[in-house]
Each structure stands twice: as structure tokens, then as C-alpha cells.
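These notes concern the structure reproduced below.
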């Protein structure tokens, strides 16, 4: 492993990667229609596109998860057949997924060593540990390699995923929205490092992203897909965010952010006092959170992931029991059971909606009925389900919120991420809402969906809803919040307004100083 | 129209894997009997004759199917909440014991009253056992599969203790039993056949279970809990109550099976109650893919397998228990075929895989 610690000799350059006229069909549906993409050696190439544009399909064809129906993949101008992901690894291709792939119960060290293509039958862990530590010393990432992956925060897990590919000697790195769980500083740091490695000729990089800022700042070339077809490609220097946006969305309109309408009222809708709760492993995660949200106000909660935001949202959503403190809505103690939810109209947009707010195997119609299946008109006499009424209600919501699905009967797990979030949004926002808890509501969505969902949240606020918005995206918080608080180590450490916000101070608070 | 076609396609797709598992099991069982020197084709033919070949064998089959439907519900209902309960045998035994004790204690009271009380006692005993499993699971995190299995042994021991001790009929010398039920309190046959009313009870319970799970608010909530407890909590559903009520209902079904066995077949409670209906019911529920309606035909199929055992013994000299070997083979093949579920899609386009891909 010692060769990893030395700078690589200058004569080794990263390979070029080219995909020529790739086509992939699923039944009658053409997910990828004769798309070509060319990655110059040592370049950072951004792949843009809305949800369902074919980005994932393209990458999975290159990585050997799918067999393309037509077209070829070339590494250094030689056609290669990549039948499975291990073949991709032998050709120097490595991929970092949006979803984590490390084994949670194993340590970072164990994960990395076991991921190697050839692992000796007997492993000298002390030597491996030293080698990995030396390797990590050349990286700006600080990861506790002896910690079980399950104990790492999302940001650290993502770093470990990237480090793993570098450790596996990937020369062509494909990153699927690598920064969606990172703080802005971490994102810049990570992308900066990857770009530096590309500039040094050590890596060829393809980044799937939704963030124009990252494309403009870190990519050399850009390719835009739309509905499975190539919409445009070229040098980033020749593009502006506006021109990229136009390529991405084509003719469809972007929902403009709703104008803020009126100031927050003095009525305290949601009052959190001295709230304490433990995390999954029984360690205290919330250590006395005090927070108030007024009617017609969006309070943004900023913080580095793993500082108690997840637990705060879970307690508010009724998914976790508090160990101390109180929750009040409309001045009354709030237990987050069905009666309280209904009486106080508290709704949620949790992160990873398919995991947190949906039953994947149930239909879109059933998932949309979670809030109202036990009341008229969906339930007759309070106990008999009117399935026809459920379908009608779902059709109405599908149309109003433009959910792309084959129909109300389709299992919700068959929808794309953006459409799952739209379906949840339809369920949670189509009714009267007094308090809305939103956690990373646009995580992993394309920017048209982001604008749309942001507009919906602001509209709800304008109607008088008290919104608590927990997000790892500071830009999102600064754009939407009336008031901004920073959470660190389970307490609120700072409060400001977007207008008065000092990014240095916020950054310092997020970092826990 | 599209919905009907889709439902039909889904039904056919759902039938493919269990059907193939059944055929594979038949082939393996054929190999097994060939090893002991019996012609498999002859076995198949006799099994068919013993199970469905005549009106007589049909009646035998249906009589055995009645308790199987009820014990299968004991597994299929909690499965909607994602629980794997295999304690139907224990609930059946306790239900039979409670029903017999009630019937004997109320001797002399009006028939309708005693029958009702026996049914309620059987259901209450089963509900207490399996509901207790649900409560242990919810309050203490005890694995429901293990606890339901172990509680079955306790239930059988309790039954043995009672029929050999406090409830023993002094006249039952060789086979300790409770006192026999008076003739009037026994469940009679359906008009024109030898099959008792328990079959009707079982079918009604299966239909009711299906309606409960697919068409009522309770069932919807239960399926939410089974599909994703986080989403159910977010919707404010009382997860613990749903869990305990559903397991109690499941236990009540198996307890009712015990009452039916006592009141329609044995006329008293004794060790004959431990006839394997509970464990075969688990098999029925799995082969029915936990669908309460599908439980009915599958229970009849297994009733037939059980009914054919006698014929195999008489005609081919195979032990009566050979059919248990067949059942065992089915269970193993079925569990193995679970891995195939979802991979066989004959009537629907291949789905787009979710983005989370496995690193090789």
C-alpha cells in the first residue's frame, strides 16, 4: 500500500472515458436514447438533468449494472465490455453513490480492506491499519477509521465512500450527487480535492449533480440530458447557469418562488422547550432544545448533519420518544398521536420520503390517503374504506401536484424520487396545515422540483402556516427562512435572520465553536 | 377494465412461484418414495384418489381443511403487520382445552348458550396466548417467532397437566381426557354430508379476515404498520395497539379451531388435539402468501394431503407419516423459492431498479 502514499509519477495520466450512442430500454420505455458522452482524461465532467432524464441509467450502463441495448463504452479509445461492476473496477472505474453502500456494522477500515478485489485469506490488520492511516494522511478527509460506519454522520459516510474508491485505485471516478449530504465547506473541500487530483492528471471525474454552483466552480465540461436524450454538451466556460437551466428543462416552466406575503405574527404555534431525546444507540442527541415558531413564519434550522436535527424532526413527527422537555402546539401539550395531529394540523415533509413517510409496497393512492383514510369521505362510518373515493382523491392530487405515475394503483416504490416527494407533498400540503415540519425536503431533487417545492412551502407560510425547516443546505435556509437558528451538539447555539446573517458567525456556530 | 386485467396478471404472477414450488416438491417426494421402492406415479395417483378422488375422500379432506384455515389465519393476520407468528398449535390446544372445560362446566345449560360460551372461551384462550406474544413484542422487544414457538410447548404442557390433573375424567384411563361433552353440545355435520360446521366457520373467518385487512380502516392502518413502522408513527397510528389487537385476533382464530376440534371431532380435550394442525397452518399461510382468501384453497389442498396418508398406508405399505415428509419438503422448497419471488414477472415489464445499487 506504500505506493499510495507517494505522489504518483507524472507520466501516469488518467484514462479517457467515452460512451457512444448508448441506448437502454425498459419494456416499451426508452430510458436512454442514443446518448454519447466524452470525458477528456484528467477533466471534471458534470452530468446535469432533471429527475428521470436518464443520468442514473447512463451511469449504470457504464458501470455494468445494466447492459445497454445498443452503443459502446470506450476506455482510452479501446472498446471495453463491462458486464458487471467488478469488471468496471478492473478498468479503473469507481462510483460513489448517492445512497451509502458501506456495511454499517463494520468499521471504515474493515469496509475499505474488504472492498478490495483481492483480499488475502489472513489479513494483517495492524499493517492494513497503518497503510490506510498513511493513505488518509494524504487526504483532507478526517475519518475515524476504527469507528463502525453506522456511528458516522451522513457527511462522514459520504467521505468514506469517496475515500474507498480512491483507495481502490479508481482512475475514473463517477460521483452521484456527492455533496448532497455535505456542508458547503465540506462540499467545496471535497470537490476541490477531486478537481486538484484531476488537474494533476490522476483522475478523470464525472459528477452527477443538481447544483449549478458546483458545475460552474468545479467542472471543465458539462453534458445535459433531457428525457433520455442528449440536450447539450460542451465546455463549462461556454455556459452560464441560465443557459444550462434552459437546456435542462427545455420548454417546461419553472415555478417562480412565491413572494413572501406579510410578516410573521406574534402567535406562537409551535413551542419546543428543553427538549431531550436519545439517538438510535441510546446516546443523548438532543440536550435541551428551545425553539418557537410563529404563525406565518419559516424558522430554518441549520447545522452540520449529525447534530441532533434528525432526532428533533423524529420527535416532532412522532417517530421518536422524547426523554425530557415539552412540545406545545397552539399552547397545548402535543403528543404527536393521531388525535393531536388532526386537532393541531401538524404535517411533515421528512427527508428520504420513501423511507420515512411512505409504505413502498402500497399504491400511490393508498400512500396519499395516510392522513385521511380514517375520516369521511374515504372512510364510511369511520371503519369501512371507500376504495373508489380513495382513487378519486388520489387522481385529483396526482393531477394537481403533477405526480408522474402510471396511475393511482402503482406501488409508490416504482416512482422516481422527485415524484415520491411530490406525492408526499400532495398528501401533506393539500389539507389545512397549521404547523409544517420539513426536513431536507428537496434532498436529491432536480432544480425544477426544488423551485416548485420551495414555492409550495412559502405559499403554505403565506397562508399562515408555521414552518420549521431543517436543512443541510444553507442556501435553501437563507432563501426561505424568516428566522434562522443554528443547531450544534443537540442545542440551539445561534439565532439570526437571513438579512442580518453573518456567514462567518454561522459557520463558526455550525462547527461548534 | 385495465384494473381487472392488471389484477388478473398480478394474480397469475403470484401463483407462478408457489405453483412451481408445489410441483418441485411433488417431484422430490416422488424421488423419496422411489428410494423406498414404491412407484412414484402410483403414489401420485393414490394421493389424488385419497384427497379428491371420491365424495368420501372430499369429505375427509374438507374436515381436515376446517381447522387448517383457522390456524393459517393465526399466521396470516400478523403477517400483515410484518410479524412471523408460528404459535397456532399452542393457541389451538389452549382454545380446545378452554372450550372443553367450559362445555363441561356449563353442562345442562341451553345449547346455544353453551356453544357460544365454548366458542368465546376457545377464542379468548387463543387470543390471550398470541396477543401475549404481540404484547411481549411491543413492550419488551421479544422476537415474536421464538416466543410464539416456545409458548406453544408451554400451552401443550398446560393442557397435559389439566387433563391429567384437575380436569381429568376418572373414566378416561388409557388416554387422560376431560369429561366428554354432552351429545347436544357437539357440532354436527353440514346437511347432506359428514363435514362439520367448522368448515363454514373457517371460511367465514377467512373472508372476514380478508375484508378486515383490505377494506377497513383497521386493516389499512395495520398494513401501514407492516409496510413501514416509521410512516405509521408519522401518521400518529397507535402501533402497539394495532399489533396487540391483530395478534389477539390471530390467536382467537386458532383458539376457535381448537374449540371446533373439541366440539366436532374429539368430543373432549386430550393429547389428540396436538395433531399438527397448528404447524401445518403455518405452511398453509406461507403457501397462500399470507392472503386470507388464498388460505381457503391452500388449506383444502393440505387437508387433502393429510387425508391421503391413510390410503398410502393401506395400499402401498408406506407409513401414515409419509405425507408429513411431503409437507416438510413443500415447506423447504417454498422457503427456498421465496428468493425467486419478485424475480418472476411474466405479465409486467421489468421494473427500473431503485438507485441504490449493490457494490460487488
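Every residue gets a Cβ built from N, Cα and C, even glycine.
For B:7-35, B:55-74, B:81-106, B:112-133, B:145-163, B:197-221, B:242-265, B:271-288, B:293-312, B:318-336, the entry in TrEMBL reads transmembrane segment.
With respect to Cβ pairs under 8 Å, the transmembrane segment (B:55-74) is most closely packed against B:293-312, considering the stretches B:145-163, B:197-221, B:242-265, B:293-312.
Of the ranges B:81-106, B:145-163, B:197-221, B:242-265, B:318-336, the one with the most Cβ pairs under 8 Å to the transmembrane segment (B:271-288) is B:81-106. Residues 74, 78, 85, 87, 90-92, 94-103, 106, 142, 144, 147-148, 151, 155, 185, 187, 244-245, 247-256, 258-259, 262-263 of the same chain lie 6+ residues outside the transmembrane segment (B:112-133) yet bring a C-beta within less than 8 angstroms of a C-beta in it. Here the transmembrane segment (B:145-163) touches the transmembrane segment (B:81-106). Their Cβ atoms form 3 or more pairs under 8 Å, with each pair 6 or more residues apart. Using a Cβ-Cβ cut-off under 8 Å and counting only residues 6 or more beyond its ends in the same chain, the transmembrane segment (B:81-106) has close neighbours at 67, 70-72, 74-75, 113-114, 117-119, 121-130, 133-134, 137, 144-145, 147-149, 151-156, 158-159, 162-163, 167, 178-179, 181-182, 185, 222-223, 225-227, 229, 242-243, 246-247, 250-251, 254-259, 261-263, 266, 268-269, 273-274, 276-279, 281-282.
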